[in-house]
Amino acid sequence: GELLKGYTFDGYYTSALQRAQRTLDLVLDSMGITDLTIVRNKALNERHYGDLQGKNKAETAKEFGEEQVHIWRRSYDVPPPGNGESLKDTAARTLPYFREHILPALKAGKNILVVAHGNSLRSIVMEIEQLTKEEVLQLNLGTGVPYVYEVDESGAITNKKTLGADED
């Protein structure tokens, strides 16, 4: 939250998962913001890893093989077993919500704070930055690192910066 001091927001969006909600609460507390409405929606939830859910990388590598786990975690359209989601599946869930609820506010000049998860945010960044599926696979969003996008009325990026990562 310290990195966002000085910013004001017109709307707040997060996932239905408690870890993202808790992160948003911590950010808002550190900014001294208390009187607001937060929109929570499962469309912004983290990618579901199916049979890999709740296991660490070492456990899954031992069970399925390191190469296979890497394919599941880093490919665009290969989901893990057990009804897991690929990044493509996550985007199919996340992007309609983004387009219907968040993007119109951005196009209208509103400042919106979205606190979610690595893969749901990667889907949104893929859309905003018009990345290819190959490019998004190389995208690594830092945990707790704010990404600030300014967009025009068409939704095109006019400015982008990462707070804290490159600043000293």
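Any Cβ shown, glycine's included, is placed from N, Cα and C.
According to TrEMBL, the protein carries these features:
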type	residues	note
BINDING	R19, E46, R47, H48, Y49, K57, R73, R74, G118, N119	substrate binding site
SITE	H117	site 'Transition state stabilizer'
H117 (site 'Transition state stabilizer') versus Y49 (substrate binding site) - Cα distance in angstrom: 13
Inter-residue C-alpha distance, R19 (substrate binding site) and H117 (site 'Transition state stabilizer') (nearest angstrom): 9
Fewest-neighbour residue among recorded positions, criterion Cβ within 10 Å, set R19, R73, H117: R19
CB within-chain contacts under 8 A for R47 (substrate binding site), separation at least 6: G84, E85, S86, L87, D89, T90, H117, G118, N119, S120
For Y49 (substrate binding site), the number of other Cβ atoms found within 10 Å of its own Cβ: 20
